């Protein structure tokens, strides 16, 4: 018997349901006839059902018929196109396979050519003159040339251009860095002597970025925890400065002016660079000591010393600039410092002018802090003018002043102090002439020795620099750089004075000056000059004629008084 499917039309739509409840989406299916062994499907010529066919107009029916004819043709053409595409792809694959073999053979030569093209080549003199006069290059071109030059210098034997010397590469590098970072040629030469080339680039890049804003908690009035909470409540984003500091805080962001908060006006903290905390930590002042801050302005280090001493003992805050002392007085009052005396003296004349006060009344100082005036090559991020306005004369002038100041600071310290006898010398410069050179000079001229600074980080000072050789104990000095420690460039050295006597080399001029006045009322001529005068008289007498000489001697004998 033929199998039949019962169709049920739903009300309200054309969806058909089978007897078992499934939805029929297609057209009606005819009964299967097992006798004929074939099944026939009723397919509409226009692709629509009989119900839709009745609703279409004759023109629409004709259009549908044409579309169906085109569809049949497109199927035939698409099959032919697919076959043609397959044939074309096979032909392309065969051709590419043949070419790949050739490319594999040629690829080493091509790779070598690419490597040769990518190697850095020095520009000719004509190109350099053209860049300077006609076509000034942009910063991107100079930066790429600096990178290429650095790669060649790091592996000079392999990557150098034939017939070119290292000096030519260094001269071009110095010229490009001077143009890119806006430095003078003199300062770049100094920096290239101090740093290796990769580290020099990091130093120059670090100077283009400002250092983080840091503050120091004034423990005379508050604690760091309470200050941090108060500033956080005012919208300040901060963190502790580091494990090495118990009072420092670093400010990342602030919604209020950090130098005008009620806490700042009340003296709860001081705006101070991280590197300025290190000299006071190296000095390590003790309670009830006598401390001299020889160059104290603007008062940050002086107030930190008073904070560590808990307002005990005595601090003499001296500075040669009277205008800068106003800020010192204001900060000391705001921070609640009560054990400081402010003075306006030339530090070089300090032991001479204040000798009576120092030794007869005070007995000398226990510790001295000398933050000497310098060229400022460590704080270029704060003062970019240093890049171009410093020359050799400025460096040597600062070095000469620092040598005078450090001898004066050593002479102001009492070596017999029970708790002290220490001098800390520091600068915000990184040049060797202002740091190791000055320290080595002080070691030769006074009875002092270098001791450990007590700082756990920082780079060691130079014991040799170019053709100079310094004392081996300069390893105990410390250098700080912006690209390694994220603080201003700084140098710190700590001395221990072991004798108040001045070495013999310094006493010789004083002894010579004192010998003529050893016997009152007598005038003594130096022996060499006397011999020279006597010799000249003898020569003159020998040249004169004999009769004249006899006559002169007889006159001298008559004029001499007779001896008693």
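In case you wondered, yes, glycine gets a Cβ from its N, Cα and C as well.
Noted in TrEMBL for the protein shown:
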{"type": "COMPBIAS", "residues": "1-10", "note": "compositional bias 'Basic residues'"}
{"type": "REGION", "residues": "1-108", "note": "region 'Disordered'"}
{"type": "COMPBIAS", "residues": "19-44", "note": "compositional bias 'Acidic residues'"}
{"type": "COMPBIAS", "residues": "62-73", "note": "compositional bias 'Basic and acidic residues'"}
{"type": "COMPBIAS", "residues": "74-95", "note": "compositional bias 'Acidic residues'"}
{"type": "COMPBIAS", "residues": "96-105", "note": "compositional bias 'Basic and acidic residues'"}
{"type": "DOMAIN", "residues": "203-498", "note": "domain 'SAM-dependent MTase RsmB/NOP-type'"}
{"type": "BINDING", "residues": "295, 296, 297, 298, 299, 300, 301, 319, 346, 371", "note": "S-adenosyl-L-methionine binding site"}
{"type": "ACT_SITE", "residues": "428", "note": "active site, nucleophile"}
{"type": "REGION", "residues": "507-564", "note": "region 'Disordered'"}
{"type": "COMPBIAS", "residues": "533-543", "note": "compositional bias 'Basic and acidic residues'"}
{"type": "COMPBIAS", "residues": "555-564", "note": "compositional bias 'Polar residues'"}
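Counting only residues at least six positions away in the same chain, the Cβ atoms of 318, 319, 320, 347, 370, 371, 372, 373, 405 sit under 8 Å from the Cβ of residue 295 (S-adenosyl-L-methionine binding site). Distance between Cα atoms for the residue listed as 'active site, nucleophile' and residue 299 (S-adenosyl-L-methionine binding site): 16 Å, as a whole number. Taking each Cβ in turn and tallying the other Cβ atoms within 10 Å, the top scorer among the recorded positions 297, 299, 301, 346, 428 is 299.
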